[in-house]
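Visitor: Pasting the relevant annotations from TrEMBL:
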type: TRANSMEM; residues: B:14-36; note: transmembrane segment
type: TRANSMEM; residues: B:43-69; note: transmembrane segment
type: TRANSMEM; residues: B:89-110; note: transmembrane segment
type: TRANSMEM; residues: B:117-134; note: transmembrane segment
type: TRANSMEM; residues: B:164-184; note: transmembrane segment
type: TRANSMEM; residues: B:212-233; note: transmembrane segment
type: TRANSMEM; residues: B:253-276; note: transmembrane segment
type: TRANSMEM; residues: B:288-310; note: transmembrane segment
type: REGION; residues: B:331-353; note: region 'Disordered'
type: COMPBIAS; residues: B:340-353; note: compositional bias 'Low complexity'
Amino acid sequence: MSDLLQHAFNGLVNGSFYALLALGLAVIFGMLGVVNFAHGAFFMLGAFGAFILLNEAGVSFWIALLVVPLALGVVGMLLERLLVRRLVALDPLYNFLLTFGLTLIFQDLLRMKYGSQPQPYPQPAGLRGTVDLGLFDFPAYQVFVLVFSVLVSVGAWLLLARTRVGMIIRAATERPELTRAMGIDVGRWISPVFGFGIALAALSGVLAAPMRAVSPLMGADLIILVFAVVVIGGLGSIFGSVAAGFLIGMLQALGNVYVPGLATTSVFILMAVVLLWRPAGLFGREETAV
Amino acid sequence: MTVMVVRKLAGLPLLWRVLAVVGGLLVALALPWYIYPPVAMDIVAWALFAVALDLLLGFTGLLSFGHAAFWGSAAYTAGTIAIETGLPFPVAVLGGSVVAMVLAVPIALLAVRRTGIYFAMVTLAFAQMVYFVANQWSGVTGGENGLQGIPKELFGLDLSDPFYFYYAGLPIALVGLLIAWRVVHSPFGRVLVAIRENPARSRSLGFPVDRYKVMIFVISAGLSGLAGGLYAISHGFASLQEVYWTTSGKVVIMTVLGGIGTLWGSVIGAAVIVQVEDYVATSGINIGPLEITGPGLITGLIFVGVVLLFRRGVWGTVAHLLRRRRSVPDAEPHLSGTTAPAVEQEPAVAPKS
């Protein structure tokens, strides 16, 4: 029993990365209709940001956790202004291809500088041991990651659900034309929302650095899993993306216990089932034509 | 010069078409005299792969970002057949193509339930699943080491010299290109274009849109498999790289660079990308203090540049210039049939490998 709990816990921790990445993808997609392939690359850049700050300037994990997402968020806004915006009026596939190309560039630049060998990043001082939560001892850092991502998800939810800005973003995400027709200037929120989505990816990257080794390819395979997550959850739905993220983390972990051979493929099997049963995703709306 | 030649082609006289086909074949035959023969074989294999993708992307408006699954599974299958049975290599390549088509059926049936960007994500995800399976199933695929020592058997002929193997492999690719050309110029191909332009209207005219999409997906996968099998036999090995998502991306950029929906443009795109990557891998490029050793950065830059500045691609640009001279209106190329009419033209030239 406690074994099962342990696996479920690990699944939730992994799921929290999926959730944060899927959340960022969903708000960007909703606002711009762009699927950002470079989301995984920004996750990787977040981890590298923390790694470089620590090794070059001795900056601690806690400061990196604040600074790196902010800096990469600004990079994201510039990216939106300079490149993404030029293609928004065209078929969304062009921006998919653009961000794919950027992913290759980011990955190769870091590989040329740091090599493809994974680099270790030490766990922050206060979080090295384990925490006794009654049932058994949990690794402290993992507990922190889980709590922190749940807080960020809830925070993002509060921001979206309880503030005026959030109301505009939600409206623009789910019914862009109607929002415009209501006289709301959707355009001025596009850059900040893009930056916000990128900052979330960078934040999960910083969080991942002490748990997984830092390497140029760490975001690449992850982002494809997250694509499956958002197909399952329904990309148009912000809640759906987060819920599917945690759900799939759990599914993978429990799948690992019961059918170890299927651990990596379970997500894709679930995606196939969802496509058959509810093509628009578990929490998604039916698409209107194309 | 090129512009003039193509202008005459677009003018349609049969004589010019025949000359163009002959010219293309001559270029294909002469290629290994000018280019290092293994690279020439790579160009031919990737050209067929890119043309196969264009059947989906250009002529049906579906972006598959998971075609590495078919290229790679065929590479493994062809390799396994060649190693285990010692049959002539064209049989192994054909076997690879069949396996790719079988694999494509369930993926296509699921993927066509979504359109546009979702189609790209779903195909990408399923291809990644194939990658994971290939990685785990190391008894067959060799896992990280790949499948090594694939023989080039053809009735006891010695094909170990890549120069001779090129001429043994070329006919297979040409047959593949011919099939692609036939598909585009058949009533079936016209229905595909109609589906790209307006799925709803095609459906209301009584065409089973999803079934057409599945059929072209499977055909495209079969041709990709032909290309992948040929590639594996040519190199003598098949690795995980073949099923990895970067391979799917590489073939997409070849098609976009050549010109979406132009069929033969993909051949040019493949030739350019293969040679650039070969150049970077063998010589390296130095830009200031930065030494570029891997192909990823260059491919990425080409990707970004083409998408931002050169969306018509090579072939599409030439066609556009010709049409403007003759003041025939045309529009930006597009992907999934939502906007203006595409640069849809009659491809009139032979495979220019």
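One is the number of the first residue shown, and numbering goes on along the chain from there.
Quick reminder: no glycine exception, Cβ is built from N, Cα and C everywhere.
Just so you know, TrEMBL annotations never went through curation; they're auto-generated.
The shown structure was predicted, so the numbers you read here are calculated from the model rather than taken from an experiment.
So where do these features actually land, and what's packed around them?
Guide: Away from its own ends, the transmembrane segment (B:89-110) comes close to residues 66, 69-71, 73-79, 81-82, 122-123, 126, 130, 151-154, 159, 168-169, 172, 213-214, 217-226, 228-230, 232-233 of its chain (Cβ-Cβ under 8 Å, at least six residues beyond either end).
Listed by sequence, the residues of this chain that lie at least six past the ends of the transmembrane segment (B:164-184) yet keep a Cβ under 8 A from its Cβ atoms are 25, 28-29, 31-32, 37, 40-41, 44-45, 47-48, 51-52, 54-55, 59, 89-90, 93, 152, 154, 157-158, 216, 219, 223, 226-227, 230, 233-234, 263, 267, 347, 351, 353.
Within the same chain, residues 41-42, 44-46, 48-49, 51-53, 55-56, 59-60, 62, 64, 67, 70-79, 82, 89, 92-101, 103-105, 107-109, 111-112, 147, 150, 152, 169, 172-173, 175-176, 179-180, 183, 188, 191-192, 195, 242, 251 sit at least 6 positions outside the transmembrane segment (B:212-233) and bring their C-beta atoms closer than 8 Å to a C-beta of that stretch.
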